[in-house]
Amino acid sequence: MSTESMIRDVELAEEALAKKAGGPQGSRRCLCLSLFSFLLVAGATTLFCLLHFEVIGPQKEEFPAGPLSINPLAQGLRSSSQTSDKPVAHVVANVKAEGQLQWQSGYANALLANGVKLKDNQLVVPTDGLYLIYSQVLFRGQGCPSTNVFLTHTISRIAVSYQTKVNLLSAIKSPCQRETPEGAEAKPWYEPIYLGGVFQLEKDDRLSAEINLPDYLDFAESGQVYFGIIAL
């Protein structure tokens, strides 16, 4: 039954009761009946509107079954768990190579992946693209001599397009401000140097990370001297 039909029936009933009712008591009955009828019509109208605009009704599934119901977080974890195919390398210093900075990949926490090679103490780039290049060294000494000590760390590139070594990143530090006085205690000093930057590289470019005073390198702890690239 539609709302219009319900309203029409209530109005006809009110007219019939008004004709039969007489006196004050009948008027009160008509008033109560009219109020009840109004509330009934209002309730029916409200219910009709709620059903019409689907405010109430059958509940929809919040998580429908099927391939479209993949949880975004689960999907992200699944994607991150897949092995990346981007070139990456992280090599560390060979602590047994005295008097020189020699890189090696066959060591714990070191790797060469997806085409990167270590050849002649240089990293060889496998593909064109943007790369993050980074390196860190740690120097250690005891006391300060009469002459200044300058420590340098440099990352260089030999490109395929021009066979000339070009410095990409470089830093210099001096750990000693003045000479240790004669007879005074020679205190130890430490100087870390970190280099890092993003560069456009070409396939078969060669990268090197070098220092000027390898005798000052500190190999006391692993992970202090390293060199690497990451394709972006």
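Yeah, the Cβs are placed from backbone N, Cα and C, and that goes for glycine too.
Summarising the annotation, Swiss-Prot assigns disulfide bond to Cys144-Cys176. What Swiss-Prot records for 87-232 is domain 'THD'. Sequence annotations record features per position, and here Swiss-Prot assigns O-linked glycosylation site to Ser80. The feature N6-myristoyl lysine is assigned by Swiss-Prot to Lys19, Lys20. For Ser2, the entry in Swiss-Prot reads phosphoserine, with the evidence type similarity to another entry. Annotated topological domain 'Cytoplasmic' per Swiss-Prot: 1-35, in sequence order, evidence recorded as sequence analysis. Look at Swiss-Prot and you will find 57-232 tagged as topological domain 'Extracellular'. Among the features that Swiss-Prot reports, transmembrane segment is placed at 36-56.
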Other CB atoms, at most 10 A from the CB of Cys176 (disulfide bond): 17
Mean per-residue pLDDT computed across the domain 'THD' (87-232): 92
Nonlocal residues around Cys144 (disulfide bond), in sequence order (Cβ under 8 Å, 6 or more apart): Pro175, Cys176, Gln177, Arg178, Glu179, Thr180, Ala186, Trp189
Number of helical, extended and coil residues in the domain 'THD' (87-232), per DSSP: 3 helix, 75 strand, 68 coil
